[in-house]
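Below is one structure, written out as C-alpha cells; comments come after it.
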Amino acid sequence: MKASMFLALAGLVLLFVVGYASESEEKEFPIELLSKIFAVDVFKGEERGCKGFGDSCTPGKNECCPNHACSNKHKWCKAYLGK
C-alpha cells in the first residue's frame, strides 16, 4: 500500500514537472514568432530599391516603385492611374 502511494505521488510530481516545462516552452514560442514577424529589418523600404506609397521623393528622378509616380505638388509617391 505504501509503495503504490509513493508511486502515485512520484507520477504526479513527474507529470507536474513535464507540464511546467512544456508550458514554459509554449510561452516563449509566440514571443519568438512575433519578434520574427515584426522585425524592423524586414520592412525597411531601402531594401526594395524603390519607394512605395507615401514615401518622400524628388519629382523627375523615377524613385517610386512601378504603378506609382512622384507627385510634383506633394513630393511623395502616389498610385499612378494613367493620367
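A Cβ is built for glycine as well, from the same backbone N, Cα and C atoms used for every other residue.
DSSP assigns C50 (disulfide bond) to coil in the three-state reduction, placing it in neither a helix nor a strand. Annotated disulfide bond per Swiss-Prot: C50-C65 (among others), in sequence order.
Residues or ranges marked as disulfide bond by Swiss-Prot on the basis of similarity to another entry: C57-C70 (among others). The Cβ of C70 (disulfide bond) has 21 other Cβ atoms within 10 Å, all protein chains considered.
Under DSSP, C77 (disulfide bond) is assigned to a strand (E or B) in the three-state scheme. Annotated disulfide bond per Swiss-Prot: C64-C77 (among others), in sequence order, evidence recorded as similarity to another entry.
According to Swiss-Prot, the leucine amide annotation covers L81. In this chain, no residue six or more apart from L81 (leucine amide) has a CB-CB distance below 8 Å.
Residues or ranges marked as signal peptide in Swiss-Prot (evidence: sequence analysis): 1-21.
Here the CA atom of C77 (disulfide bond) lies 6 Å from the CA atom of C57 (disulfide bond). In the three-state DSSP classification, C64 (disulfide bond) falls within a strand. Rounded to a whole value, the Cα-Cα separation of C65 (disulfide bond) and C77 (disulfide bond) is 8 Å.
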